[in-house]
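What follows is a set of notes on a single structure, which appears directly below.
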Amino acid sequence: MTPVNLMDRARAAVDALERLVGGLGTAILAIGTLIWVAAVAVTSLIGVGLPFVHSAARAVRAAADRERARLSRWGPEIIEPDPLPPGLRAARDPVVWREFAWVVVHSTWGMVLGILGISLPLYAAQDLTFPLWWTLVPPGTGPGLVFWYVDGLFGALLVCLYGVFWLAVCVFGHPVLARVQAWPGRRLLAPPAGADLSLRVAQLTATRAAALDAHAAELRRIERSLHDGAQNRLVAVTVLLGAARRQVARDPEGAGELLERAQGAAEQALAELRTVVKTILPPVLDGRGLDGALKALTADSGVPCKLEIDLPGRCAASVEATAYFVVAEALTNITKHSRATSAKVSVSREKRNLRIRVEDDGRGGADEADGSGIKGIRRRVEAYDGTLTIQSPPGGPTTMWVELPCGS
Amino acid sequence: MRIVIAEDDPLLREGLALLLRAEGLDVVATTDSPEPFLEAVDKHEPDVAIVDVRMPPTHTDEGIVAAVEARRRQPELAVLVLSAYVEQAFATDLLAGGAAKLGYLLKERVGRVEEFLVALHRVADGGTAIDPEVVGLLLARQRPESSLARLSPRERDVLALMAEGLGNTAIAEKLVVTEGAVHKHIRSIFAKLDLPPDDRADRRVTAVLRYLEAAR
């Protein structure tokens, strides 16, 4: 073996050690997750744990994402799965189950390998350096992995030789060990081969098409409201002004009346323009951010509305606009249909997702089929690859969850 | 002159009726969608129908369809179509059955009351009124190598006014030249474009528009 080759080996071994330590870190995370999941599972049997099911699934996902990021640093990238389905449906997600299987394997087997990976080099170092400090320990006491009676300098040198053996084991064995530790993650956390990826592609294609549709619908809406609103008003202004000009000589009083009508029409045109502009991109979003815009929105709501907002930093403008409309539309629906006496809007950012929850204490029974409001919300949300869930049993209350990828 | 109006915007509908009545014209019915419009046309047998292009239910070209149908029922009916924007396809649809007693104007032209009334009367009297915007659109689409390129700038002006439906006198007035000069220009245009040298207004317009269409 050439010296260069040996250097490569040593470097690979150090890399592997680093990986094993990192793996140990995620294994500890996995243990925590495992305990949490177990607690939720047991308490769910008597119903108490059910509200925590989603958070348990999130914990599994978080640990798995950590491992994905770690493995992606050391090898081929592992693509992250779709966002978690909201509520209890998260527990039925097959991806979550695969991730949970990884949690079990990694928190046990991965943990053992990690500990082994750290302790072997430590023992090897102990053994190698034993001749330097054998006099400090009482006779008969051996360093790590020495199971025989050690006595005298000769014995110490023998232990040193023994350390060389373990060092060799580390140099040649660690890369293998690290691979073995990573293997369950690579198998279980990668997207299942073939079918599911194509599903993801199909879904992306569909949402992209939906986005284009939503844009076209949006353009149509803007064109229609400009045409039916402001443009028609302005035409009326010119017609009335024309009539007034003709009238002015014959009947000044009548002309004055026409002019007043013309002015009214011009004012209407301005109002319509304001409305249209506001629905394209609410100026308040630009000025005060989603935070301030939602405050204004909930303050103006027809039903008393509480706002809980926790947003570090801003999202992409289109996402903020979508979030704003989701809340605006939801509040309009609540005011119009729910007969609620109070409502609550919660907005938070969780990693790359913007999460919105809108709830009310109304009569429930919100149906996507009969109101275009919810359908409109869903179209806008899905256009941004987000998810929408509504729970609205007859008699209420109604809760709506929306998750939007932030795009930043 | 007895008039039926079809326009779905209430403000505009009433404004139009107001204006026409103030001018001493007889607005016999105002309607807001194609069905009542056709009923009103059947009932009142007006001289002129003023029709908005976008009307319920789909707000696309209901007005054009209704206008064509009204003309089918009453071939003597003069139709003036008003539109918020010019669409060449609408003009083509309308003119398919000849340009006599037809008008297609942008809505805001109504505000220039004198000119609007002239156009209205011209249409009622069997003439044509095509919005300069439409004509401009058609002229702008001409490729440089088309035979239109052979026209002098003055002849192009005359052609555009002809296409709008103006007669020789009106063209002469607009361009501040003598009628004789206009007549000469027109003969020259017809010769350059290989059009039949017929001088009746609607035939002129149809011929010009057909030519522009074909040369696209």
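Backbone N, Cα and C atoms are what each Cβ position is placed from, and that goes for glycine too.
Feature annotation from TrEMBL assigns domain 'Response regulatory' to B:2-122. Marked as 4-aspartylphosphate by TrEMBL: B:Asp52. Feature annotation from TrEMBL assigns domain 'HTH luxR-type' to B:144-211.
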The domain 'HTH luxR-type' (B:144-211): DSSP-derived helix, strand, coil residue counts: 50 helix, 0 strand, 18 coil
Taken over the domain 'Response regulatory' (B:2-122), the model's mean pLDDT: 90
Residues in the domain 'Response regulatory' (B:2-122) grouped by DSSP into helix, strand and remaining coil: 59 helix, 27 strand, 35 coil
